[in-house]
């Protein structure tokens with residue numbers, strides 16, 4: 001492996017898939033399902049198979065999301081944080097999603113939309129249509145603040161006032177619903193606050209009725225008359241989805257019995273007629289359609305409705321569209337999906353409204369009272385890691401609402417991840433794909449791995465013989481790695497986030513990628529509110545989506561936690577590039593009031609030598625240091641995108657933690673982090689991919705380790721691994737007793753420094769199969785490059801061609817075996 005790499009260096013060639021040596025990607029063709037759709041043409045008839053599947057069951061850590069499948073189309077209803085990760089883990093194809101329906105402009109509904117759109121763009125999907133509140137268009141514009149131009153995918157918004165949508169599977173009608181509380185008292189998370197310490201919302205012409213205190217008109221056209229772009233928390237959009245009628249099947253055997261010309265061209269118009277329900281006349285006989293065709297499958301209806309609070313109950317109950325379907329016998333409602341808290345479900349008005357759909361309608365409930373494991377692979381790997389060290393790798397838990405579930409008189413099912421309701425071919429609930437988090441099976445699987453138990457026993461013996469020094473055994477600071485993967489959330493590793501617990505009641509969050517709150521829920525379970533209340537500051541290193549799109553949910557959930565525990569609200573200190581302000585402002589203007597949650601400190605103001613003339617900023621910086629008990633909170637620009645920062649936290653007790661963010665090896669980071677107690681450095685790529693690392697402005701494992709050595713860091717934790725290393729990265733020869741690798745939900749303190757490097761042998765045993773596959777892939781890539789290098793060298797040496805041609809005439813032909821030996825000898829000589 002290393003010999004192959006050394007062969008390439010004197011030839012001046014790149015190893016593996018580096019830089020310009022990589023084959024350029026071919027231009028993306030239309031996706032296969034789009035080509036199939038074009039061939040099929042219009043009017044294929046209703047689909048044979050249609051089902052709804054729960055992606056997220058409405059829990060606090062996952063939100064509520066539904067996936068709808070037919071052989072023609074795929075749909076997604078709501079896209080909160082973590083939905084993309086769940087779809088990837090459970091093999092629900094993202095590439096087929098050309099329609100996303102959103103019930104309201106709330107972070108629990110749209111928090112994962114940015115990442116989802118970027119992924120759809122990468123798959124080559126040419127167009128995606130989003131239906132829901134009109135503010136969607138402004139939300140998409142806001143996303144471009146940090147995503148850049150979304151070239152390659154057309155994003156269209158279908159506001160609730162648009163006509164019905166129709167495709168090969170169904171017709172979808174949008175039903176706008178306005179809360180009766182829209183002029184009254186707002187919910188806590190929507191109530192404006194003012195403070196000189198906080199970002200002040202700008203009054204703009206597009207700020208909607210909530211900004212100027214004007215109440216919208218009370219007539220039925222209120223939604224259409226209010227300003228299209230302003231924040232409107234009183235609006236939700238329900239969706240009534242009617243499947244196309246599926247024609248009956250032609251009975252071939254019956255047709256033969258009746259003497260019809262089966263197998264000839266003459267049968268085609270007969271089939272078309274009877275499938276349309278028309279009788280035919282053949283050789284003087286009239287034959288009814290029912291004799292030759294099974295009954296058609298009616299166009300069933302399903303409804304998705306969100307009722308966030310009691311203020312929406314009366315508008316829902318009095319809505320004329322729902323009344324029509326409650327009385328419609330020709331279009332039976334098979335299923336109603338209720339995204340509603342228990343406070344709504346126990347209301348007698350809402351229960352009576354549910355009952356009016358009749359006894360044949362099923363009801364699916366999605367809310368916080370739906371206990372369901374979603375991230376099964378994360379639970380599995382954490383259970384197996386805990387066999388090695390249960391303190392460093394604690395078992396995951398879950399947050400469940402303590403509120404009792406309502407007793408309802410209608411046929412009701414509580415949501416759980418991957419639960420299906422099939423509409424065609426047969427109406428039924430299907431639980432064969434739901435998740436079973438069986439920890440005993442996970443443990444048994446690990447214990448059966450070759451040498452795993454032996455390596456764990458050897459590791460424990462080694463740790464007992466070499467305990468941590470007494471001065472390092474303090475519990476704090478405690479580092480909890482919440483997301484250790486790069487780019488996009490995946491089933492094993494979530495995107496960037498690290499919690500630094502400074503003390504039992506103070507903590508700092510270093511980056512906050514999508515799904516950070518969900519990771520906190522799974523790590524702390526019922527203690528999540530306490531943890532959120534202890535959060536004193538967040539550092540955002542740069543504005544790539546995998547580093548900051550979890551921030552809004554942290555802010556909203558933190559306010560909920562403070563209220564739940566009866567603690568006074570204070571804005572959260574956020575150290576970030578100033579460009580984050582524009583994103584927060586846009587979201588505040590068009591979705592939810594958020595600015596009162598934040599006291600922002602520009603990261604550039606914490607650079608060494610930076611002058612801060614603003615007295616408000618001076619006070620915020622002093623508050624940051626005082627609240628976190630820090631002597632210094634310093635930042636520096638790093639080598640990644642524009643406005644990317646690393647940071648160093650120096651505690652009053654003397655320890656120093658340095659966080660690189662995303663960067664190539666950076667001298668400014670080395671200088672800022674001199675003599676760090678702990679360096680947390682990104683190691684996105686394996687050794688040998690140095691030029692790819694330059695292209696993507698990241699570091700390899702050895703580069704990250706070298707930064708720590710030059711910094712004289714006491715210990716180095718590597719994280720932010722490419723998702724190609726799903727479970728474990730490839731190890732570098734530079735790994736030593738001062739280096740550890742991070743996993744999601746890994747928890748370390750300074751006293752664990754001697755222990756963490758000793759984890760590597762049992763980790764290698766646990767992931768031996770994965771490591772072997774990665775090594776094989778690397779060696780194959782390198783061997784291909786070696787062969788290409790030899791061919792290139794021969795082609796570039798014209799003076800050698802004539803002797804080679806002469807030898808070709810005199811040498812005896814080589815057997816296949818001798819050719820292999822010749823190549824091997826050549827490689828050996830080069831090495």
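Our numbering is plain: 1 for the first residue shown, then up by one each step along the chain.
From the backbone N, Cα and C atoms, a Cβ is placed for every residue, glycine too.
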Correct range for region 'Disordered' (source Swiss-Prot, candidates 179-227, 228-276, 277-325): 179-227
Annotation match for phosphothreonine in Swiss-Prot, from 103, 397, 663, 792: 792
From the candidates 503, 797, the one which Swiss-Prot records as phosphoserine: 797
Packing count at residue 732 (phosphoserine) (other Cβ atoms within 10 Å of its Cβ): 19
Neighbouring C-beta atoms (10 Å sphere around the C-beta of residue 792 (phosphothreonine)): 13
